[in-house]
Amino acid sequence: MKKPFNVIAIIGKPRDQQAIQTHRDLYHWLSSLGYQVFIDDRLSAILNDVPEEHFSGLVELGEKADLAIVVGGDGNMLGAARILSRFNTRVIGVNRGNLGFLTDLNPEDFQHSLKAVLDGAYIEEERFLLEAEIHRHGQVKSHNAALNEAVLHPGQVAHMIEFEVYIDESFAFSLRADGLIVSTPTGSTAYSLSGGGPILSPSLNAISLVPMFPHTLSSRPLVVDGNRRIKLLVSPDNRGTQEVSCDGQVSLPVSPGDEIHIYQSPNRLRLIHPKDYSYYHVLRNKLGWSSKLF
């Protein structure tokens, strides 16, 4: 019987000793099962019991592997997702972080659940990403992708920003606020949630726009079709510099008068879960929702 996966990548960053031990345990366990295993080269100086030829950079791991196991919290998953979404690589997470909305496996007993996944017992879903582009004088000055959200916000000094929002070139509204969160369904349980945005089911083809501390009593979050293109026109009268943050990890400088174009990326994150995965169980567990009464 053909195995669903043959080449497996282990991805993560050097953190505490427990997380490093999880990387080591995964490598030796998967190798003992006969898989070809490669590890994120950011761990090469620490995992000195792993042969040098088994380390690769993230792009090379995406090219080689048909399964990537991300060890850490959602932050590690976000960083890996922006790269792995370019490739035909399925991704699963071992939670060594805090909430872990995207990382399902328990690091203390991952073997049982992961073995079932390796045998083909898993749920697969595609999560879309956003592309964010900064346009200045008709040229794209910078761009990046975001799995959770792209956020327009002030630079180093906190102050209000004035901007206009267009959806498919149609004017929607203007705003004076601390910024705007443009979120995917995946990101709806992250920064967007903290800003009062709605929780969107991951399978929805939708994008939410969540104003940050708007200087008005009438502003509300807005959910639009996921195929819409969003343009933010930053007022030339703004003081100082602004930024667009992608997943809180990559910053794109914005100047007064710039245009910010945000749209759905053609790339997809192929996220997989154990067979018993339930999104609503995750919400109850992570957000402390009440259990069933009867």
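Using the three backbone atoms N, Cα and C, a Cβ is placed for every residue, glycine included.
Swiss-Prot names ASP74, GLY75, ASN148, GLU149, HIS159, ARG176, ASP178, THR189, ALA190, TYR191, SER192, LEU193, SER194 as NAD(+) ligands; from the candidate set GLN21, GLN36, GLN111, GLN249, the record adds GLN249 to that same site. ALA190 (NAD(+) binding site) is 10 Å away from ASP74 (active site, proton acceptor) when you measure Cα to Cα. Of the listed binding-site residues, namely HIS159, SER192, the sparsest Cβ surroundings within 10 Å are found at HIS159. Of the listed recorded positions, namely ASP74, ASP178, the sparsest Cβ surroundings within 10 Å are found at ASP178.
ALA190 (NAD(+) binding site) falls outside any helix or strand according to DSSP and counts as coil.
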